[in-house]
Amino acid sequence: FPPAVFPLSCAVQGYAWGKVGLESEVAKLVASNDPLAQIQPDQPYAELWMGTHPRGDAVIRDNRIPQKTLGQWIADNPACLGAKVKDAFQGHLPFLFKVLSINTALSIQAHPNKELAAKLHVQFPEHYPDANHKPEMAIALTPFEGLCGFRPVEEIVSFLQSVPELRALIGEVAAEQLERSGSDDPRGVSAALRVCFTRLMKSEKKFFVDQLNMLVKRISQEAAEGKDTSGSNGDLLLRLHSQYPGDIGCFTIYFLNLVRLEPGEAMFLGANEPHAYLHGDCVECMACSDNTVRAGLTSKFIDVLTLCEMLNYTPAPSSSKIFPATQSQLDPSVYLYDPPVPDFAVMRIEIPSSIKLYLVSAVDSASILLVIQGTAVGTSTAAASEMTLRRGSVLFISANESISLHLSSPDGMLLYRACCLL
């Protein structure tokens, strides 16, 4: 039998929004796992990709395995996915697991559902490279901030009343329509919200840049005078404007919830949910796709019409965006984040310092295990030899294989494990 459990060396993406040098969690993980890694102090280390994506297929670190990458190995050994996963996802690993280290905001975006993804891919293959949906979940490693989903209407209305520059862009008719829409008519609310957001996103460039400059000037003056600018969401506006001056995305803070996550808290982004990660470090798991519809806070291709058409215009408070983890009945060290899509689930495994031998149990799916804290020696009947696990180690575990961890760190371990629970 070829080894079915083995360590991986994973691709790093240096996107400009990433944290630089050893400020980045991605860089810290890479450096801890590989003492020979050269971390450049002025380079961004934005994403670590753990999976089989062609732009970052993980390299197998086991010289007894002839295949170079995880993608090649799975193609030659599809049974490793588990029978159900192999059939459901045509012999491919259905998820991509990542670590993100965010210094400046990512674009305002949403991911299409399967139906829309297939359509966009046929029409504009250069912008929408595949026909899959892309639900994703982010779990904070450090305090994390993002914009996610439409705010409750009363919050948006309050901004429309205290931010005249926003009201000017949306126009009096649309603003009043939203102010009059009643909570007893959710479809009317969504329709009014759609009109307001679309008016904002489609406003004439010269007009919105003038309004944005006026707003930034006003808030900067108020802040300098020591006034409270929270009624205009002043701090966040100035921060985003300094990162993306003159960008329409700066105004979306008046429509979208600001969600703050503490380490271990998660948000799940289903299809058509508008979002933008702002700052912090997280592990992220997503369906295998690159389909992103963008509309601001970016220099990339933006597709405002598609975005405004597809969004889910259901207002909800920011607290509702935090996705809960459930503690396992069978193993109190395991917390499961199981989103409402079949493509992936994530486990957070917190092994207390009192436990010196821990079994990473078998699941009926291929999985990828990432060590965030702690050290151990791992043994498995399916591994060629024992493996040293330390901060930054990444292991591939074939379906129905388990690993015994012999812990050597005084303060326990923290692991994240991505898999597919059909």
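The backbone N, Cα and C atoms fix where each Cβ goes, and this holds for glycine too.
Automated prediction, rather than curation, is the source of TrEMBL annotations.
Marked as domain 'Phosphomannose isomerase type I catalytic' by TrEMBL: 5-153. Residues or ranges marked as Zn(2+) binding site in TrEMBL: Q109, H111, E136, H275. What TrEMBL records for 169-256 is domain 'Phosphomannose isomerase type I helical insertion'. Taken from TrEMBL, the feature active site applies to R294. According to TrEMBL, the domain 'Phosphomannose isomerase type I C-terminal' annotation covers 336-376.
If you take the CA of R294 (active site) and look 10 A around it, the binding-site residues you hit from Q109, H111, E136 are Q109, H111. One way to see the shell of the Zn(2+) site is to take the Cβ centroid of Q109, H111, E136, H275; the remaining same-chain residues with a Cβ within 8 Å of it are A110, K134, L269, E273, T292. Residues of the same chain lying 6 or more positions beyond the ends of the domain 'Phosphomannose isomerase type I C-terminal' (336-376) and with a Cβ under 8 Å from any Cβ of it are 8, 29, 50-51, 74, 80-85, 88-89, 93-95, 97, 99, 133, 135, 137, 139, 141, 264, 266, 268, 270, 283, 285-288, 323, 325-328, 388-422. Counting residues per DSSP class in helix, strand and coil order gives 67 helix, 1 strand, 20 coil for the domain 'Phosphomannose isomerase type I helical insertion' (169-256). Sequence-distant neighbours of H111 (Zn(2+) binding site): residues of the same chain at least 6 apart with a C-beta under 8 Å from its C-beta are A117, H133, K134, P135, E136, L269, A271, N272, E273, S289, N291, T292, V293. Residues of the domain 'Phosphomannose isomerase type I catalytic' (5-153) grouped by DSSP class, helix first, strand second and coil last, total 40 helix, 41 strand, 68 coil.
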